[in-house]
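Participant: For reference, TrEMBL lists these features for the protein:
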type     : residues : note
ACT_SITE : His514   : active site
ACT_SITE : Asp562   : active site
ACT_SITE : Glu571   : active site
DOMAIN   : 110-584  : domain 'Glycoside hydrolase family 9'
TRANSMEM : 72-94    : transmembrane segment
Amino acid sequence: MSAYGRDPWGGPLEINVDSATDDDRSRNLQDFDRAALSRQLDETQQSWLLGPGEQKKKKYVDLGCIVCSRTVFKWIVISILVSGFIAGLVTLIVKTVPRHHHSPPPPDNYTQALRKALMFFNAQRSGRIPKHNNVSWRGKSCLRDGQSTDSGVNKINLVGGFYDAGDAIKFNFPGAFAMTMLSWSVIEYGAKYESSGELTHVKEIIKWGTDYLLKTFNSSSDDINVIYSQVGLGDTSKGPSNPNDHYCWMRPEDIDYPRPVSSCSSCSDLSAEMAAALAAASIVFKDNKLYSQKLVKGAKTLFKFSRFQRGRYSAGGSDAAMFYNSSGYYDEFVWGGAWLYYATGNSSYLQLATTPGIAKRAGAFRGGQDYGVLSWDNKLAGSQVLLSRLRLFLSPGYPYEEILKSYHNQTNIVMCSFLPFFRSFNRTRGGLIQLNHGRPQPLQYVVNAAFLASVYADYLKAADIPGWNCGPNFFTTEVLRNFARTQLNYILGKNPMKMSYIVGYGKHYPKHAHHRGASIPKNKIKYSCKGGWKWRDSPRPNPNVLVGAMVAGPDKFDRFRDVRTNYNYTEPTLAGNAGLVAALVSISGGDGLGIDKNTMFSAVPPMFPTPPPPPAPWKP
């Protein structure tokens, strides 16, 4: 429909009411002169003026839930791509470039010597040696031990164990003591062994020894009447008519002569020492429940045998008496009783170890020139330190307090005797304490004393006790540690000879250790009993390095003769090296890691009865 009106300028005015749409009107705007617009147009109006062909590009991007500027969106995408590229490049570099780890601090001298000292036990293994033994010149040997009937004993499997020294004899008495000392050191210083990477190694050594000890008696029985105490002979008085482990100079792998087995049916010292070894090892292997229980059962059987079949194992002119003669067995009663108490918690063993009559017969209050000297023969000093531990940490009180206090006082006296302020023992000019009063082979006694001093100092520290009294004089625990360090430093090379007495440690050490396996080359030639004498008497160094072996040591004038035939200077022993290992681990690593207070008491019940529960609340 159209409407007509008069144009005020003289022309008609047509108004299209229905036919013109909003879009048509908006497009007609382009007929106006844009310059005639007097105000700024907004974006919508500009789009009207530009029309479809000239419309500007949108500056925003609709992402659905977010609307953002196209420029911002572009830079976001570019940033993500660049960041991804950089991250991938960094990852590639990290994966391909070698990493530089911060290496741990180098081990101290004591830790280095400890690692070597443990290697000696690998060289002493008898039987079928495991592949990881790491002594290239050793192999399987003496696989028929126990099969000889020359001694009149029944055939038994006695393969395994350790050779005692430079020979091929297996002596149970010093061998068991060596295992006891190693176990004691692991119980106290397991963390130090672990930090040095030697915990698994030392436990393998102990198990090799205890596995063999379990073979030497009926370990499945509660009652026994015999122990096989020794394999091999050392008496050379019969000459070539009786070739044996001392007369012949042969590699253990080549032995072809008979190896008789010695037994005993009245041997309290030997059986109590073996009981101590198995009991101590049962604490070491407490995480292996079945094996630990087996060791405890064997220890109980042996100790029972020692109490009911009284006697010295080396009595009657036995072969053992020539080399490891026992002076008595009451010290082993205290020693074995203490270890069995710690292994079982059975107070009957503690009652025996603290019986005043047994302590007196063991020499606990007698004194003498050898008082306080721990060795394979006399365990009294070790027993007193071990039982002082009980008083310091658990304080059991009545009825044990009086005798434990006496043991503790005697321990303090022994520690005083180690100090240079007193004259109990002389010292060489180089500073080595003469615990055996100038007799040969001094080092085995020195290392045991160093261990006792060090572990007792750690006991005092753990109990928050700063020191102890020697008469009116007070000494701090550091004095004991200094004693242990100075003695070990002497052995490691700080001595007038300027040499280490541990084979393979340092630049200057004994090259002619009195040892059959080390002195004969592994060259596929089997040397006869006397044929090997040329290697025994040779002035040349051993072709095989007996790493970690502590030799017998210098004389009382600090002199040492590196001669293979003189065993008083150059022969190492199993018991001596066990004391060395214990002393080294106790001093190694500084004072940061002390003793383990609790493992020793893992089987010990509470000292006092559990108090009754409180009464129920009163109800009216």
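In case you wondered, yes, glycine gets a Cβ from its N, Cα and C as well.
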Participant: Test of understanding: give the count of other CB atoms lying within 10 angstroms of the CB of His514 (active site).
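Facilitator: Step by step: centre on the Cβ of His514 (active site), count other Cβ atoms within 10 Å, giving 26.
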Participant: Mean pLDDT across the domain 'Glycoside hydrolase family 9' (110-584), rounded to an integer, is what?
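Facilitator: Result for the domain 'Glycoside hydrolase family 9' (110-584): average pLDDT 96.
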Participant: For a quick check of understanding: among the active-site residues Asp562, Glu571, which residue's Cβ has the most other Cβ atoms within 10 Å?
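Facilitator: Going through Asp562, Glu571 one by one, the largest Cβ count within 10 Å is at Glu571.
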Participant: I need the CA-to-CA distance for Glu571 (active site) versus Asp562 (active site), whole Å please.
Facilitator: 10
Participant: How big is the gap, in Å, between the Cα of Asp562 (active site) and that of His514 (active site), rounded to a whole number?
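Facilitator: Per the Cα atoms, Asp562 (active site) and His514 (active site) stand 9 Å apart.
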